[in-house]
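Feature list (source: TrEMBL):
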- 245-254: compositional bias 'Polar residues' (COMPBIAS)
- 41-328: domain 'G-protein coupled receptors family 1 profile' (DOMAIN)
- 226-254: region 'Disordered' (REGION)
- 25-51: transmembrane segment (TRANSMEM)
- 63-87: transmembrane segment (TRANSMEM)
- 99-121: transmembrane segment (TRANSMEM)
- 142-161: transmembrane segment (TRANSMEM)
- 188-211: transmembrane segment (TRANSMEM)
- 266-291: transmembrane segment (TRANSMEM)
- 311-330: transmembrane segment (TRANSMEM)
Amino acid sequence: MGTHSYLDIATTVGYESEPAKAPGIALAVFLGLASLFGAAGNGLTILAVVIDRKLRSQSSSFLIANLAVADMVVFVVIEPFLAFSTATTTWPFSRPLCAALGALVIQHMAVAVCGMTAVAVNRYYSVVKRTSYQRVFTRRKTLVVCLATWLPGLLLILPLVTNPFFADYSTYFGICIITSQNIAIGRAISVLTGLLILIGIVISLLCYLRIYKEVKDSRRRVKSLEPLPDDTRLPGGQHQPPGSHENNISRKPNPKQQINQTEIAISLNLFMVFTVFCVCWTPITVLIFVLDANDRHFHDQSDLIPDWAWQTAYKMVLFNSSFNIFIYAWRNRNFRSAYAKLLRCPSR
């Protein structure tokens, strides 16, 4: 990448202002409504884990609550300012606030990816490594994992704020950005962010593929051990020998070979969350790698990656945080019951 590329994005597309247009205002209103709904939905998810004993007994619920906390940062802090700047196409607030929001964008992306990966690993242990699950994912260890998901984002932000940096609102990206004035550091942070997202998606996908294989194999084992009917004939038309029926009945599957159906249901629910995550996060991951692989200056990138592509990709990341409550309410009876209790309506 050119020697001025990471600084060019701030200096060439910083405080440019254009007259507010109807599409921008409509999008800003939508972002504002999404912010209110997302804050309410993720707040309900956090409270559901706090008040519901069944949810607290599942380590995966703490990981879900951790993701909800990260999403609250989006809806309470980032999206309100993003909605305003989308409507006005400018940034009337201070640069320090813009720098803080730029850092929070990086932090949220890192926590969301690491949190989703932690959920996938949790499901892997619950289904594939069942004998180790209770030992590995105790409540204390799970809380440590939740805290650890915030560490990569801090490590990405630290080199930016401990060196001379530039922060500004970018009309090209449609968000506040923070970038190092050291070109090598800026590029490294961008590459590492893209790699973090990619590695998280790959690990999660491998975990869910292994879960699918284990569930399929388990069902095959159980089916092979089912007793034959009384009138079943052996090959050649011969009847079963005396006592064979009793032997079939005694062929019960080993409990260790069986997978708890509740764990399967939870894993399926969270796989759907992961699928939505992949759909929403893949575009921005691709754009990050395309940008880092190109040697032209940032102000020469618009013909390669138009501004609407970046803005759409990042808004998909934001909207992903709004989808999860629908999946939890639709697929998870415990969450649905807890939501109903919080909203004081009868649970179905």
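Cβ coordinates come from backbone N, Cα and C, glycine included.
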Is the count of Cβ pairs under 8 Å between the transmembrane segment (188-211) and the transmembrane segment (99-121), pairs 6 or more apart in sequence, 3 or more? yes
Would you say the transmembrane segment (25-51) and the transmembrane segment (266-291) are touching, if the rule is that at least three C-beta pairs must lie under 8 angstroms and be 6 or more residues apart? no
